[in-house]
Each structure stands twice: as C-alpha cells, then as structure tokens.
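Chemist: My questions will all concern the structure given below.
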Amino acid sequence: MTGSGRLASVRPVRTAPEKISEKVAESIKNAQETCSEDPASGECVAAWDEVEELSAAASHARDRLKDSDPLEDFCKDNPETIECKTHDN
C-alpha cells in the first residue's frame, strides 16, 4: 500500500473493452510513477482517483456487454435475414 492508503499493484480487468483496459493500465502505471517519490501528495491522490474512475468505467462497459444479446444485436443490423424474421400466427 502507498501512503495514501491505496494499493500500488492493481491490474486492469481484461474482459472490458480493449481501449478502456489499455487506459486503465496506462493510468495505473502513471499513478505508480507519480506516487513513487511522495505517496501522500495531492498529485498521487489524483492519479489514483483517475485509476478508480477508469476502472469503474471498465466495469460498466463489461456489464453492458454481459446484458447484450448477440442475436438481437445482429438483427438490428440485418432484419431481413432468416434468423431475424418473426412470424405471426
């Protein structure tokens, strides 16, 4: 743990969309570098706040991916295909 009470070795979650995961990894590296000399500085706290915000965004993105239905997504773009036709009785 750093002097600010935050863990110094945090790993990004890889099931989030790739760009968000990359940003989380970059922000962790930045926070570790920022906090290396003065873990109690305001800059250090702000850097870890950024990690926390990006991690939350990645989590929300994963949740959205879990809730999406691949067939429904496909049919939005391809309503004319046989897989997407609905029949009234």
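In case you wondered, yes, glycine gets a Cβ from its N, Cα and C as well.
Below are the features I grabbed from TrEMBL:
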REGION    1-21  region 'Disordered'
DOMAIN    20-89  domain 'CP12'
DISULFID  Cys35-Cys44  disulfide bond
REGION    59-89  region 'Disordered'
COMPBIAS  60-89  compositional bias 'Basic and acidic residues'
DISULFID  Cys75-Cys84  disulfide bond
Chemist: What number of additional C-beta atoms lies within 10 angstroms of the C-beta atom of Cys75 (disulfide bond)?
Modeler: 16
Chemist: Within a 10 Å radius around the Cβ, which one of these disulfide-bonded residues has the most neighbouring Cβ atoms: Cys35, Cys84?
Modeler: Cys35
Chemist: I'm checking region-level scores; what's the whole-number mean pLDDT for the domain 'CP12' (20-89)?
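Modeler: The average pLDDT of the model in the domain 'CP12' (20-89) works out to 87.
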